[in-house]
Structure formats: C-alpha cells, structure tokens
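Asker: Below, the features straight out of TrEMBL:
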{"type": "DOMAIN", "residues": "141-208", "note": "domain 'Golgi pH regulator conserved'"}
{"type": "DOMAIN", "residues": "275-442", "note": "domain 'Abscisic acid G-protein coupled receptor-like'"}
{"type": "TRANSMEM", "residues": "6-26", "note": "transmembrane segment"}
{"type": "TRANSMEM", "residues": "38-63", "note": "transmembrane segment"}
{"type": "TRANSMEM", "residues": "75-97", "note": "transmembrane segment"}
{"type": "TRANSMEM", "residues": "109-128", "note": "transmembrane segment"}
{"type": "TRANSMEM", "residues": "148-170", "note": "transmembrane segment"}
{"type": "TRANSMEM", "residues": "281-306", "note": "transmembrane segment"}
{"type": "TRANSMEM", "residues": "339-362", "note": "transmembrane segment"}
{"type": "TRANSMEM", "residues": "374-394", "note": "transmembrane segment"}
{"type": "TRANSMEM", "residues": "421-440", "note": "transmembrane segment"}
C-alpha cells in the first residue's frame with residue numbers, strides 16, 4: 001500500500017476512536033450533567049483518539065500492517081500531537097477554567113494570569129527531569145525525546161501506583177479467604193447497641209434543652225445576669241459541661257458502632273456474592289492474581305537489588321524455555337510474533353478498560369456541576385500521560401525486532417530507567433497497600449464501657 005492509503009487507514013481508525021471517546025464522554029461521564037462546553041468534549045475525545053492510535057501502531061508493527069515509512073511518520077505525528085495536547089493545550093485550559101471561576105478576579109486579568117501560570121507550569125515540567133537520568137540539553141530542548149522523557153516520569157509513576165494497588169486489592173476483594181464470617185445475630189446486636197447509644201444521646205440532649213428552658217425565664221439582663229447564671233445555679237440544675245462531655249463520648253461511640261455495622265453488612269453482601277457462580281469465578285482469579293502479586297513483588301525486589309533489566313520479552317523467553325528445556329519443536333520467531341500480538345492486544349484492552357473504569361469512578365466521586373469540566377480536562381491530562389507512558393513500558397513486552405520503531409522515534413531515551421523506576425514505585429505501592437488492607441481487615445475494638 002502507498003502512503004496515501006496508509007494515511008486514510010490511520011485517519012479512519014482515529015475517527016472511530018474519536019467517536020468512541022465522544023460517546024463515552026456523553027453516555028458515561030456526563031450522563032448526569034448538562035454539557036456546557038463542547039470544547040471540553042473535543043479535547044477529551046481527541047486525546048482519547050490519539051492515545052489509542054499509539055496502541056494501534058504497536059499492533060500494526062507486530063502484524064506488519066502498513067509500510068514501515070508510513071508507520072514511522074504516523075508515530076512521529078501522533079506523538080507530537082499527543083504531547084502538544086498534554087503539555088500545552090490541556091494545562092493552559094485547566095488554568096484558564098480555574099482562574100475564570102474565581103469571582104474576585106476581573107475578567108480582563110484572567111488571560112494574563114492564566115498565561116503566567118502556564119509558563120510556571122512549563123518551567124516546573126522542565127525542571128522535573130533534573131533529579132532523574134533523562135536526556136541532556138545537548139539533545140535539544142523542543143524535541144519529542146525531551147518531552148516524552150519527562151511525561152514518562154509522571155506517567156510511569158501513576159501506572160506503578162495503580163498497578164501496585166490493583167495487584168494487591170484485586171485478590172483481597174475477590175478471594176473468599178478474606179471474607180470474615182458474619183452472623184445475623186452479630187449484626188442485630190451491633191444495631192441494637194447503636195440504637196441504645198443514640199437514645200442515650202437524645203435523652204442527654206433533651207435534659208440540656210429542658211434545663212435551658214427552665215433557667216431562661218429567671219435570667220437577668222446584662223452582664224450581671226450572665227455572671228449570676230454561671231455562679232448561682234438553682235437547686236436541681238443540670239451540670240451542662242458534664243453532659244456535653246458524655247454526649248461527645250457517646251457520639252464517638254455511635255460513629256464506631258455505625259462503621260462496624262456498615263462493615264458487617266458489606267461482609268454479608270460479599271459472602272452472598274461469593275456463593276454465586278460469578279463469585280466463584282472471581283475467587284479462582286483472585287488466587288491466580290495473588291500468586292502473580294507475590295511473583296511480581298519478588299521479581300521487582302530482585303531487579304532493584306541486582307540492578308537487573310530483562311533483555312528479552314517474556315513471550316520469547318517462555319517459548320525458548322519450552323523449546324530447549326521441554327523438548328517442544330516450534331518456530332520461535334513465528335510463535336513469538338503471534339503470541340506477542342495476542343499479549344499486546346490483551347494489555348491494550350485491559351489498560352483501556354481499567355483506565356476508563358478508574359476515571360469514571362474518580363469523576364463521580366469528586367465532580368459537581370461547577371467543577372465537572374475542569375475535572376474532565378484533568379482526566380484527559382492523566383489519560384494522555386498514562387497512554388504515552390504505556391508505550392515506554394510495553395516496549396519490553398515486544399520481541400527485539402519490533403522494538404526498533406519505538407527506539408527510532410524516541411531516540412536515545414533511557415528505557416531501562418523507566419523499568420527500574422516502575423519496579424521501585426510498584427514495590428512501594430504494593431507493600432503499602434498490603435499494610436493498609438491488613439489494618440483495615442482487623443476488626444475494630446469498640447469500647448462499650450459507657
């Protein structure tokens with residue numbers, strides 16, 4: 001195929017990706033909000049389309065689709081446009097949206113302040129590479145390599161944190177082993193204690209209200225009336241200070257009891273779900289991913305201690321082990337190409353699905369009618385960084401002959417640094433998640449001495 005035909009194929013796929021991003025924006029993210037800014041939709045959908053184009057070109061590289069020169073051109077063009085969105089366009093409009101929502105800022109000052117903040121962002125973005133072994137200035141300043149090297153630091157950090165959390169949290173939420181058995185009698189007991197505590201709080205507050213009502217008609221006006229109300233309390237009057245201390249303690253106890261009751265209800269729901277066919281399926285997957293998590297933590301530790309980076313992709317290494325140690329007869333090059341294609345395809349699908357689910361949950365938790373457009377721009381920024389960094393890490397899962405195009409496009413980037421950085425952040429994230437889930441899994445000690 002010629003260059004024109006290749007370009008039409010890429011453009012057609014980008015149109016499909018753009019429409020998909022637009023539909024996801026309207027039907028999923030903004031289904032509960034009024035769409036006020038079409039520009040936000042355009043930015044989100046364009047970033048989504050350019051991000052998926054990176055993955056598409058990786059798959060085209062493996063299966064040999066399109067001419068090599070066309071693929072190289074579209075790699076450069078797609079990366080340039082994606083970097084322009086992530087570094088220039090989206091941050092500028094995030095700053096503009098934030099400043100324009102501040103009422104005390106006059107309209108004539110919005111543009112200058114936004115421009116000043118954007119230049120400060122560019123300075124911080126450039127300086128972020130100082131602590132890391134990135135490219136030197138001699139390689140150029142306004143180059144794809146310099147931009148990707150700095151985007152990669154932030155994006156790989158986000159990916160490693162999410163991966164470490166997911167590798168531990170998924171087995172925890174899927175395996176029936178971590179489900180604490182809860183009897184209905186225990187739930188009823190906690191709910192009864194909660195209601196008794198709330199009744200006690202109500203009674204004590206009622207005593208305070210009655211005392212105030214009883215003493216209010218006898219109160220003298222002026223400062224002397226306030227002094228006498230404190231120093232000369234009538235017989236039988238309540239000790240308001242002591243009652244307030246008791247109410248505070250009982251309210252804290254009621255909060256603990258409510259959290260315990262809520263936790264028990266959730267455990268009962270998980271226990272019922274674990275008995276279903278879907279629950280049993282995810283329980284099996286949870287055991288598999290728990291082994292993967294342990295293996296990944298072990299490998300990351302070995303890589304960090306011995307400064308080790310894999311030279312071969314896992315597919316080729318696995319096939320070579322099957323050929324040399326198990327005695328299987330197969331074409332290593334042929335099967336490594338096809339298995340790598342399926343592996344990369346699975347990584348692409350799971351990465352896109354996982355990121356979109358995470359973005360949706362995050363959006364619904366913190367968005368409002370006023371901040372929704374700003375949050376969507378922030379999510380588009382994170383999405384662009386995430387997918388751009390995925391290209392750096394996915395390079396290691398490809399056979400050596402298919403890594404050439406990425407190496408040519410990104411130049412002399414220190415790919416080994418990003419893999420080691422991912423291992424370090426993944427290890428910290430996974431161990432931190434294990435500690436947090438261990439503390440959360442321990443049943444709280446509720447003080448019922450009141």
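These residue numbers are counts, starting from 1, taken along the chain as shown.
Cβ atoms are placed via backbone N, Cα and C, with glycine included.
TrEMBL entries are annotated by machine, without manual review.
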Asker: Can at least 3 Cβ pairs under 8 A be found between the transmembrane segment (38-63) and the transmembrane segment (281-306), with each pair 6 or more apart in sequence?
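Answerer: Output no: the transmembrane segment (38-63) is apart from the transmembrane segment (281-306).
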Asker: Can we call the transmembrane segment (148-170) and the transmembrane segment (6-26) in contact, meaning three or more C-beta pairs below 8 angstroms at a sequence separation of 6+?
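Answerer: No, since the transmembrane segment (148-170) and the transmembrane segment (6-26) share fewer than 3 Cβ pairs closer than 8 Å, they do not count as touching.
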Asker: Count, for each of 6-26, 75-97, 109-128, 421-440, the Cβ pairs lying under 8 Å from the transmembrane segment (281-306), and report the range with the highest count.
Answerer: 421-440
Asker: Which bits of the chain, at least 6 residues beyond where the transmembrane segment (75-97) starts or stops, bring a Cβ under 8 A of a Cβ in it?
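Answerer: That would be 39, 43, 46-47, 50-51, 53-54, 57, 110-111, 114, 117-118, 121-122, 125, 144, 147-148, 151, 373-374, 377-378, 380-381, 384-385, 387-388, 405-406, 409.
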Asker: In the domain 'Golgi pH regulator conserved' (141-208), how many residues does DSSP assign to helix, to strand and to coil?
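Answerer: Its residues divide into 59 helix, 0 strand, 9 coil.
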